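Each remark here refers to the structure printed beneath this line.
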Amino acid sequence: MPGIDKLPIEETLEDSPQTRSLLGVFEEDAAAISNYINQLFQAMHRIYDAQNELSAATHLTSKLLKEYEKQRFPLGGDDEVMTSTLQQFAKVIDELSSCHAVLSTQLADAMMFPITQFKERDLKEILTLKEVFQIASNDHDAAITRYSRLSKRKENEKIKAEVTEDVYTSRKKQHQTMMHYFCALNTLQYKKKISLLEPLLGYMQAQISFFKMGSENLTEQLEEFLTNIGTSVQKEMDCEVENMQQTIEDLEVASDPLYLPDPDPVKFPAHRNLTRKAGYLNTRNKTGLVSSSWERQFYFTQGGNLMSQARGDVAGGLVMDIDNCSVMAVDCEDRRYCFQITSFDGKKSSILQAESKKDYEEWICTINNISKQIYLSENPEEIAARVNQSALEAVTPSPCFQQRHESMRPAVQSRPPAARTSSTGSLGSDSAALSALALDSLVAPDTPIQFDIISPVSEDLPGQAKASGQSGRRTNPFGESGGSKPETEDSILHQLFIVRFLGSMEVKSDESPDVVYETMRQILAARAIHNVFRMTESHLLVTCDCLKLIDPQTQVTRLQFPLPNVVLYATHQENKRLFGFVLRTSGGRVESRQTSICYIFESNNEGEKICDSVGLAKQIAFHAELDRKASEKQKEIDRVKEKQQKELNKQKQIEKDLEEQSRLIAASSRSNQSSTEGQFVVVSSSQSEDSDLGEDGKKKRESEA
């Protein structure tokens, strides 16, 4: 993207006032971005809160319309038409409520999440790097001051070596920190665009998906247009970050010999044909008749003038006109590499001290070349070569002085290439078992180290949600709880510790505490190599069910480790503040394979207490599991007995029913037999009566009939 200004990473080692001044502009820009993003975050949060309120209000309206038929109004009867109409409205409004809930979810994911990430991660990282860089810069200035005060006497060789090593270390730390700080500030120029575009893109896309009544073709074109903007900026930022990272790696390799304050003149010879020069020098200021003080400033040549500039100033000031001046090496009191510049009229002179022999010689040669007005010629380098011999004589030190200087310079040993197996910073003496094991048998090869905790607002890493047992259920936008009790509410053990997360990595073995010790060593060495200073502080809750990492501010669970999966835990043998545990999970880089991840923490001298607490929790969980299995077995026996009793009762009921049925059948047969005999008796009596009446009686009955 055109118009993006960048801090020059290549000039971090020189650390000129111009670079510091430009750095101040970028820092002001970062502060302005932070202020603006905070205001934009508040505005977007109002939109998100309003959308949640609208979704909840719509849902409540639909609920009230559905409950209309249950109302009993004193002056109103049952109105079926009104009830049916309101039910239809309730159905439509319920669908609208679902759409509003989806829109609220999309606003949370696409609008609030990116700007929250930028505000809480990127801007805070800039502030942290600024503090680290300021500390490194102050340390480097202090080391340079001590180095400049070194005595020329030979009895303090050990002190000189220590001061030289201190300058090397502080300069290297400042350079590396400054490069990473510049990279972060340069990246911020892209991220500030993305931080503005991405939430707006998310807001627009959420609204587009909500209002689907518009033209689908126009919506697709608009979505494609908005997507292309974000993609182009993201691709350009990735490319630029990759280039800056490559530049940092190249400069770190190339600048390693230059971290020494006095590099080897054989490997880095002085350039004697220069007509321009810039760098830091110490200048002597008289504070009395015989007393003086030294002040470190940035000096540079501009045409025929020698200029000086304090750190943070926008422009430099004139020190001296060095046309036709004279420069010579001087043996100044208790300082090395000193030279004196005297103006052409002899009225003004300055005594300056260079940092190294190379700078000392180059400054004298450059001022000599400018004094002879070589810089005004068409080819200054060729003319400077002619007067090289005189400049060489002016900067040649005495033999005793050179011997002292050479004795002070520490020998630069070749460093092995950085690798995981050769990293320094071992945590005490290694155990006998660890020395017998190969590194590959403990730690998985090519395993990345995670230095920070992925909080619930971040996207879950593959396999991590499974390992931690953390559910991905989103908070109900209507504020209704599901009624589920927390897992640790019924736990017997509740112990809370303050811990700081150092890192985690995958390991190949989980059978020996040496795995934890080796993981501690590698994580601490990696943090030292990569200058990782931040540590996430959490509250570690130990219960009989799991281990929880809780955010101390919001009380939100960051990670949750099921206790049965914690297969190994140990504290360091010498540093009791360090402890770690190995978590066995299912699934990893290879499918259908169990993986083991070792987590390392730092506590307030409570490593052994935490390990004892975890051991106690596992014992309680083990006995609880035994009790649970015994209870389940007893319940199974009771269920079998109950089932047998039910079968026996059922059989008895069947026999009782059969007996009752047989009794009824017998009674019914006896009743039928009695009725048959009665009919037979009635018929017989009638026949006998007819025989007694005789013939006259029969005729009379017939006539009556």
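Glycine too: its Cβ is placed from the backbone N, Cα and C atoms.
TrEMBL annotations: computationally assigned, not manually curated.
Now, the feature entries from TrEMBL:
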| type | residues | note |
| --- | --- | --- |
| COMPBIAS | 633-662 | compositional bias 'Basic and acidic residues' |
| COMPBIAS | 677-688 | compositional bias 'Low complexity' |
| COMPBIAS | 695-705 | compositional bias 'Basic and acidic residues' |
| DOMAIN | 274-372 | domain 'PH' |
| DOMAIN | 497-633 | domain 'PID' |
| REGION | 404-427 | region 'Disordered' |
| REGION | 460-488 | region 'Disordered' |
| REGION | 633-705 | region 'Disordered' |
- Query: Which whole-number mean pLDDT does the model give the domain 'PH' (274-372)?
  - Reply: 86
- Item | DSSP helix/strand/coil residue counts for the compositional bias 'Basic and acidic residues' (633-662) | 30 helix, 0 strand, 0 coil
- Can you tell me how the residues of the domain 'PH' (274-372) break down into helix, strand and coil by DSSP? 15 helix, 45 strand, 39 coil
